[in-house]
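Structure record follows, encoded as structure tokens.
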Amino acid sequence: MSSKAPARSLRHLLGIAELSDEDIAAIFSHAEMFKSVLGRPIPVVPALRGKTFVNLFFEASTRTASSFALAASRLSAQCLGFSLAASAVRKGETLLDTARNIEAMRVDGVIIRHSMAGAARFLSERLRAFVVNAGDGCHEHPTQALLDAFTLREKLGTLEGRRVLLVGDIAHSRVARSNILLFRRLGARVAVCGPPTLIPPRVEELGCEVFYRLDRVLYEVDVVNMLRVQNERIGAGAFPSVREYRALFGLTRERLARLARSAVVIHPGPVNWGVEMDYEVSDFPHALIMNQVTNGVAVRMAVLYLLAGGHADEDSPAPA
Amino acid sequence: MLMKIRRLLLKGGTVVDPAAGRNRRVNVLVENGRVTGLARNLSARGAEVVDCRGRYIAPGFVDLHCHLREPGAEDAETVASGTRAALAGGFTRVCAMPNTDPPVDSEAMVRFLVGRGESAGLARVHPVGCCTRARQGRELAEIGGMVAAGAVAFSDDGNWVADARVMRSCLEYCKAFDKPVFAHCEMTGLDTGVAHEGPVSTRLGLAGKPDAGEAAAAARDILLAHLTGTRLHLCHVSCAATVELVRWAKGRGTAVTAEACPHHFTLTDEALAGYDTNFKVNPPLRGEADRRAVLAGLADGTIDAIATDHAPHTRGAKEVEFDNAPAGMVGLETAFSLGYEALVLSGLMRLPQFIARLTAAPAEVIGLPVPRIAVGAEAELVVLDLREKWTCDRDKLVSRSRNTPFAGRTLVGRVQGGILPGGRMWGVGAD
């Protein structure tokens, strides 16, 4: 397998906005390589032996945190979990204190999830270690976008010219922002749909069309990217009830039956079954939700590998 | 820092008289704190001479809006450090906002502030008192007592007086003392964001504060001012919609004045791209159209005064996540230079008009006599070098705090020093 030299420009992964086309290509090509590693009887390579990362999750997460931890262990690196409940954050430690402590521990990389936009950048400006943004507030979640795009390319060949529709709470979704940016970069035509209360102002300036009526656009698209809707948005006045939300914006059994024949469905998880999607979607042959989870590990291996300074020419993680 | 000079000749400079709207090349003789001569040829034997060739001499600036943080946050600023920063920026008088801890909502608190100002002996402190007790927006504060102690205006700055009945009472009550109410306009329910609501807040994933929140609150307060006939002053106007409303109100005869801050007419929300908390301010930096509207409002007089909203915060307070950082930026030391470049060098207004926005206009808002440089008048003036280029250096700020968004920016025009009442000189020739 040919492996291009990793893009040395990649110092941190803070958002899709900061990635060059070369960075994106390098991540995909390495992810392909690592996906084949994951198919081996012993799915481990020694590429990052001796490296140590910290999973710094200030917000609850199951799949992202374990996906990164698994990716690190598949590369023979260590990934320490930083559990919010047990940490000093509860005792009033600031993010700056946390950054200084991590710096003093001399780890190689930090994977951060935080409820506030810009938190990953904040760390990146204060650490010698590389920083991966695993979701910062309503800003970006770049590895989700990369694994979504990787999954779609695997299924569709290319995103060039494909129509992608993101449905749901666009305003509070970091996945939406990262996905809009990345899908556009890969040549897709992107649209968003949701109640106007959950569409952020001037979102069309990110390069997407806006729809408020799902049925006007759903059956024309190649990719349906459903997003999680949180019940607490009801209290905030975004929509009157779950029932009405499901009726207007849910991927119901009826709507599923009317999708274009080749259309695929993705969702970043965790799904609120019965709200944004009927349970029947999980049986839908073109639902790629589990592929997303599997590919998440390969894509995160690629990201960690490239950021940790792994070099294909030196320690050849590629299958023999 | 101050040097008392009995007899001083400012020689060869150009005197800017904003009240008359013109410049005059004259020498200025100051004796025992008063201007005693203003002519081309003045004999001043025995006088200390300051060479002012190529420089301008203007009345001392008046800042309608600054936060001196005393009492309660003396680690960020004190009356002494803040009034020293004021002098560095050419402000000989500053209005201190009452949102301290505890807030300035009583006669005793106003006396305390005035006393702190007097013992510092630098820029004169004019306290602004709270209009409601503890800035809670519920009951009137003891405005009469605060007037007696020297408060020049009343404001719950930092909070909008959300209850229309309470705001109406504040306006009506202040009428008895002929004092203006300073309104911080931010409508409840539209005030939860941390950045201007628009394409930038969407891109950065920051909660937005729409311009409509400011303008809607301003509209209500303007209508209440019209209803009560009290003078209303709008703090830190930041968007086109509010400028339009002020223009409309003035046309209608409402007694309304307005101020704008240099950061709102020199920066936009694009500056937030790096999540640098030094750019977090309230009202937030807005879009380019708003920035231009504020400039146009200053140029045509819709906005009367330039005020700093100097808001010092410690490094520790600011070095946190964007959402968690307090809003506010220091501004006393950069206001003149930023305004000079944005308004005069850009051709939007002439120098005397610009100086008026820093002197005569704000003085009028708080009922001070029009600052003038005239024979017989007390000398309270600044010396300006309009050619000097300087770089704003965070570590060289006089303020106790460093939270400027202009660090590294090259500025044109600089305050070189001046004279305070009593013939006390700072800067040029004094140190």
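In case you wondered, yes, glycine gets a Cβ from its N, Cα and C as well.
The carbamoyl phosphate binding site annotation in TrEMBL covers A:R63, A:T64, A:R113, A:H141, A:Q144, A:G269, A:P270. A:T64 (carbamoyl phosphate binding site) counts 22 other C-beta atoms within 10 Å of its own C-beta, drawing on all protein chains shown. The DSSP secondary structure for A:T64 (carbamoyl phosphate binding site) is helix.
According to TrEMBL, the feature L-aspartate binding site maps to A:K91, A:R174, A:R228. In three-state terms derived from DSSP, A:R174 (L-aspartate binding site) belongs to a helical segment.
Per TrEMBL, the feature domain 'Aspartate/ornithine carbamoyltransferase carbamoyl-P binding' maps to A:11-154.
The annotation domain 'Aspartate/ornithine carbamoyltransferase Asp/Orn-binding' is assigned in TrEMBL to A:161-307. Each residue in the domain 'Aspartate/ornithine carbamoyltransferase Asp/Orn-binding' (A:161-307) gets a DSSP state, and the totals come to 66 helix, 24 strand, 57 coil.
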(message) Can you filter A:R63, A:T64, A:R113, A:H141, A:Q144, A:P270 (the binding-site residues) down to those whose Cβ is less than 8 Å from some Cβ in chain B?
(response) none
(request) Select the most exposed residue of A:G269, A:P270, where exposure means the fewest other Cβ atoms within 10 Å, treating these as the binding-site residues. (result) A:P270
(request) Compute the C-alpha separation of A:Q144 (carbamoyl phosphate binding site) from A:R174 (L-aspartate binding site), stating it in Å without decimals. (result) 9
(request) Using the structure shown, find which entry in A:R113, A:R174, A:R228 (the binding-site residues) has the sparsest Cβ neighbourhood within 10 Å. (result) A:R228
(message) Can you tell me the CA-to-CA distance separating A:H141 (carbamoyl phosphate binding site) and A:R228 (L-aspartate binding site), as a whole number of Å?
(response) 14
(request) Restricting to the same chain and to sequence separations of six or more, state which residues have a Cβ under 8 Å from that of A:R63 (carbamoyl phosphate binding site). (result) A:G269, A:P270, A:V293, A:G296
(message) With an 8 Å cut-off on Cβ distance to the A:R63, A:T64, A:R113, A:H141, A:Q144, A:G269, A:P270 Cβ center, who else from the chain surrounds the carbamoyl phosphate site?
(response) A:S61, A:T62, A:S67, A:A134, A:G135, A:V175, A:P268
